[in-house]
């Protein structure tokens with residue numbers, strides 16, 4: 001994936017505590033060129049997703065990227081919120097298969113505390129330049145002191161862990177130099193002076209990657225994720241259909257529109273679950289892109305059924321149209337996902353065939369389960385429960401077929 005550089009965030013701690021998981025103040029990233037680590041640095045930045053911005057610069061001075069000053073009370077409140085609420089969430093995301101939601105701009109540093117002797121995991125905003133990770137912290141923080149004198153540190157960067165060494169400097173010239181290297185817009189003289197007095201520059205150079213554990217259990221991981229994701233997602237169209245079916249306030253077109261929206265939601269939930277399972281085998285496939293592709297494919301599949309929803313059913317549709325509708329419904333998700341897989345798998349076209357076959361068998365299983373159970377005049381709750389049961393059978397069928405194909409393609 002092509003990450004965006006972002007302003008570092010300080011996930012700090014209250015003054016006086018030692019070695020918390022905190023980060024430096026916001027900074028930004030400069031160039032539009034690919035560094036030795038393979039990252040393209042875009043011009044212009046956005047705020048990091050890791051947490052609230054640090055307002056730790058001296059009163060009356062504006063920090064990089066126009067961060068406003070904040071008083072001691074606000075600083076303490078932000079520090080406590082970041083340390084107790086934001087940091088654990090960000091650490092969990094960075095360690096998860098969907099780390100790419102934040103890892104384009106946030107890195108996880110693991111170091112040994114010089115005083116406590118325990119390991120400290122610090123999520124920190126970064127900018128990569130010339131093979132180094134650049135960060136800035138406030139001097140009043142404590143965590144950066146564990147990186148002095150070239151101390152070793154483990155770096156979890158975009159899902160991959162590296163051994164690394166760090167250099168820190170509180171010299172004003174070094175701080176300003178690092179600040180200028182990280183900033184998209186030239187900071188004002190007041191900001192440079194403020195950070196020179198209050199900032200610490202941190203430069204981290206990566207060493208050897210830490211070997212990953214062997215990826216096993218892909219079939220079961222994909223099967224479980226697909227079943228759970230489809231069952232959870234199918235609740236949306238099942239409930240919508242049960243609530244508005246036969247309601248005088250909804251015409252056929254309104255019903256079709258709501259079902260398409262519910263289908264897109266179903267696809268988004270399914271896509272998120274599948275992205276979690278896929279991350280171990282194909283980490284280069286972005287989570288957001290997979291979720292969007294699956295949601296779009298599901299919406300298209302439900303759109304293909306509009307003629308059935310606005311008319312009296314299959315009796316109003318000619319068989320050639322039914323064939324086209326069926327082809328669209330069966331291949332829409334597979335084609336949407338294939339666009340992402342083709343750059344990573346040599347025989348990605350087989351995914352379209354497997355997905356279509358899996359959905360064909362899954363829909364057939366759904367019909368076999370629900371058709372004899374659904375009867376006119378049933379309560380909405382019962383209709384929804386029957387639909388969820390059919391969705392479970394359908395999901396298990398699709399999951400088994402696609403899991404088998406995925407394992408073969410990855411190998």
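Glycine is treated like the rest: Cβ placed from N, Cα and C.
Looking at the stretches 192-218, 381-407, the one that TrEMBL records under the feature transmembrane segment is 381-407. Here the transmembrane segment (381-407) does not touch the transmembrane segment (317-336). Their Cβ atoms form fewer than 3 pairs under 8 Å, with each pair 6 or more residues apart. Taking every recorded stretch in 222-247, 253-278, 317-336 and counting its Cβ pairs under 8 Å to the transmembrane segment (290-311), the highest total belongs to 253-278.
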